[in-house]
Amino acid sequence: MATCWLLASLLLLASAAGDESVVTGRPAGCQARCGDVDIPYPFGIGPNCSRGEGFEIACNTRNGSGDLVPTLAAANGSIHVQSLSVEQLPEVKVMLPVAYKCYDASDNVTRRFYGEVDLNNNGVYRISDSRNMFVVIGCNTLSYTQNGNSGGSNTHYSGLFYTGCVSYCNDSRSAQDGRCAGVGCCHVDISPGLTDNVVSFGPWTRGFQVDFSPCDYSFLVDKNEYEFRSADLKMDLNRTMPVWLDWAIRDSVTCPPLEVQEKKPAGYACVSDNSECVNSTNGPGYYCKCKQGYEGNPYDKDQGCKDINECDVSNKKKYPCYGVCNNIPGDYECHCRVGYQWSGEGPKKQECSSKFPLAARLALGITLGFSFLIVAVLFTLMMHQKRKMNEYFKKNGGSVLQKVDNVKIFSKDELKKITKNNSENAYDQENSGRIMFDKEIAKQEDILILEEIGRLAMECLKEKVEERPDMKEVAERLVMLRRSRKCGQGNYSLSPQRCEEITIEGTPKNFGASISASSSATLSTPATPLN
């Protein structure tokens, strides 16, 4: 069966190629526009500028006004062409006349025109059944359209198709604007495959209605371009209506097999790269269209189907991308931006979602916020403690001791190093300050004095400030230890009156007064500066 189709298609194409009237491409110098209408190939102005006679367009002057008007050259009568389409759907928009039959008060016919149209003797065009309708206007009016010729196959009817309806009016107020459902106006769909049109009117009495409905009217018209008005009961007799025609390459009944299409033999219409063949939906034949992702004229080899840049701003609505767009031949890629991922049907359909959800971002933000707050609070407390210790240092005479040449002030870290980090519990464990000194450096006669000095040092290093001795007390105890050593006594708690007056060498005269003034605060601290 496939072999038969292939053979038939090759024969039809060979026949078309052998016909001298078939042009395989628009020759140079052919007119590509008539008036304000573009004439794309396979259409052409002149016998040698189109694919064949059925596609020829005449470019004439309208009523001597100088305006150029394109018409269908192969049709009988002057059929004005408004537009020609070769992309997407193969369509031609034309203007066809309105058929009419008028009466006088005596019911005599005064004027008549049956709107006879034969669109194309070579069968290129078909009246579009999907985009047009048949409309009848009048009161007490029957009208129908007759299409085709039965050729004697039917003894009762001369035509192949008949379509019509009846419109009725009681009086001049019956018809309403926008209503075409049988009162003053009616409409019906038409059959596919129609190549011509002729209208007939029923022989009904009309004389009594001529004051508000003098004529019967019927016409083919675009479904979207006509809305009934009661004033149309007295329509202008020279009026024309927009009608859509479907056209196709009628050289073969259907598209040739794929093997033939790929070879693009002579006579095959889809000559452009990236074009494809589609079977006609209105009559036999086929038409060509660009493949997905391409646009242009599929019947033109040189200026045919070109890649669409879907990423261009002008195509944003038609080819959406909610991410990063990348144009590729015949299509485009759309990727989510860094940090985002597919959501639902992907970035061509909807916005990408963040890889780091909003809830997680909020949680992280709150955590970081609290962490920063804690760090800020701790830093504030540390700075406050440092200022407080500095104040204690000054109040307890630390600043005065710093001015004494033979007095060294140790920091807390230095004291921990000296005491081997054992100053806090050494006294509590042995009730003695002797553990704070190396035995190698302690002489037997100085051991008790060193123990008292160690005990005093550990008291000064107590954690609680209020438990530490103030500077005045420290000074007094040091003086007592000095006197006791000079007197050579073993009891280091003796009253100062038991020994002669001894002064500390190298101590400034105002040292005692400064110590007293600096120790007047209630809470004091040893002269140990903060790290």
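Each Cβ is built from the backbone N, Cα and C atoms, and glycine gets one as well.
Where the annotation comes from TrEMBL, it is an automatic prediction and has not been curated.
What TrEMBL records for 254-306 (among others) is domain 'EGF-like'. Per-class residue totals from DSSP over the domain 'EGF-like' (254-306), listed helix then strand then coil: 6 helix, 13 strand, 34 coil.
Taken from TrEMBL, the feature domain 'EGF-like calcium-binding' covers 307-353. With DSSP states grouped into helix (H, G, I), strand (E, B) and coil, the domain 'EGF-like calcium-binding' (307-353) comes out at 3 helix, 14 strand, 30 coil.
Beyond the ends of the domain 'EGF-like' (310-353), by six or more residues, the same chain brings 274, 291-294 to within a C-beta distance below 8 angstroms of the stretch. The feature domain 'EGF-like' is assigned by TrEMBL to 310-353 (among others).
The signal peptide annotation in TrEMBL covers 1-18.
Look at TrEMBL and you will find 358-381 tagged as transmembrane segment.
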